[in-house]
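Undergrad: Below is the structure I would like to discuss, written out as structure tokens.
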Amino acid sequence: LAGAFCIPLYVPYVLTGRWIFGRSLCKLWLVVDYLLCTSSVFNIVLISYDRFLSVTRAVAYRAQQGNTRQAVLKMVLVWVLAFLLYGPAIISWEYISGQSIIPTGECYAEFFYNWYFLMTASTLEFFTPFISVMFFNLSIYLNIQKRTKMRLDVFHEVHNQSFSEEMEGSREAKLSLKCCKWEQKESAETLDISKSKAQATASTSSLDAKDLLETSSESSRKPKCCNEKSCKNSASTLSAEKRVKIVSQSTTHRFRLSRDKKVAKSLAILVGIFGICWAPYTLLMIIRAGCHGQCISEFWYETSFWLLWINSAVNPVLYPLCHSSFKRAFIKLLCPKKLKIQPHYALQN
């Protein structure tokens with residue numbers, strides 16, 4: 001919108017030094033220009049707040065992700081607030097004051113040299129949003145640092161606990177193996193004694209001796225404990241489960257932290273570009289209003305003014321570069337055919 005409407009009307013004004021499009025179009029141009037720049041700032045605040053919630057209140061954020069109505073309401077509210085900040089003043093200032101101070105052939109807002117109004121508006125348009133997004137960014141950073149420390153502490157604690165349990169399990173396995181060997185030896189000795197007794201009483205009753213031998217053999221064949229392989233398996237089962245649990249938890253935390261770090265990085269880039277593009281204009285505008293345009297060079301003011309439009313040009317590029325959701329949204333808007341072809345191509349592969 002800035003490139004299609006605001007800049008084409010402003011370029012002839014800068015080159016010729018005279019506004020040739022009439023008073024009505026001048027007001028419309030001012031309203032649209034201030035609206036677009038202010039809404040750009042408020043949208044950055046909204047995006048920063050959204051990223052803040054996604055990191056610090058992830059559960060509540062995911063629960064509200066499907067609420068399209070609330071998202072649309074927030075976006076509409078941004079544009080309404082952006083219009084209310086400057087729009088009514090641009091349209092009605094001359095009627096409230098009773099006269100216009102803008103000379104013929106010029107186009108700027110009636111409050112252009114009103115220091116009190118500009119200071120108030122700048123606080124709402126730049127200083128408050130900039131402090132807000134800095135707060136959101138700092139909160140995200142501190143939250144990530146805190147969770148990283150907690151993740152490492154939990155990981156070390158679980159790892160140490162798993163190691164001690166594994167050592168305990170290995171000791172139990174050794175005792176179990178000794179038990180198995182002792183029971184096997186005992187059963188063998190019992191079998192020899194039973195056989196001796198059976199042979200001693202063979203003269204009395206051959207049938208009873210035969211039954212005794214069979215009974216002794218069957219009792220010796222019954223497994224009184226696990227074999228060596230099952231003992232080792234039972235000892236290592238607990239440690240294997242612990243390792244899987246540790247790896248799973250570590251992977252989940254690492255994925256979430258990686259995602260949140262990307263959010264913080266993209267937000268930091270967005271805030272940095274916003275500050276670079278907006279701070280010079282805001283400061284020069286306030287100083288210019290205070291000294292009634294006598295202490296600020298026209299060149300530097302024009303340069304700072306163009307920085308605002310550069311920010312509007314850079315933001316749509318920053319969004320898809322910093323976040324995959326914006327990238328998909330831009331592909332959907334600008335290349336809908338490509339978006340439709342991709343799933344079909346993926347299915348063929």
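Any Cβ shown, glycine's included, is placed from N, Cα and C.
Dumping what TrEMBL says about this protein:
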DOMAIN    1-319  domain 'G-protein coupled receptors family 1 profile'
TRANSMEM  28-50  transmembrane segment
TRANSMEM  71-93  transmembrane segment
TRANSMEM  113-142  transmembrane segment
TRANSMEM  266-287  transmembrane segment
TRANSMEM  299-322  transmembrane segment
Undergrad: Looking only at residues six or more beyond either end of the transmembrane segment (28-50), which have a C-beta under 8 A from one in the stretch?
TA: 1-2, 5-6, 9-10, 21, 74-75, 78-79, 81-83, 85-87, 90-91, 107-109, 125-126, 129, 132-133, 136-137, 267, 270-271, 274, 278, 308, 311-312, 315
Undergrad: Under 8 Å for C-beta pairs, could you tell me which stretch among 71-93, 266-287, 299-322 has the largest tally with the transmembrane segment (113-142)?
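TA: The stretch with the most contacts is 266-287.
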Undergrad: What else in the chain is close to the transmembrane segment (71-93), if you only count residues 6 or more beyond its ends and a Cβ gap under 8 Å?
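TA: Cβ under 8 Å, 6 or more out: 27, 30-31, 34-35, 38-39, 41-43, 46, 109-111, 117, 121, 124-125.
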Undergrad: Mind checking which residues of the chain, 6+ beyond the ends of the transmembrane segment (299-322), have their Cβ under 8 Å from one of its Cβ atoms?
TA: 2-3, 6-7, 14, 36-37, 40, 44, 262, 265-267, 269-270, 273-274, 276-278, 280-281, 284-285, 288, 329-330
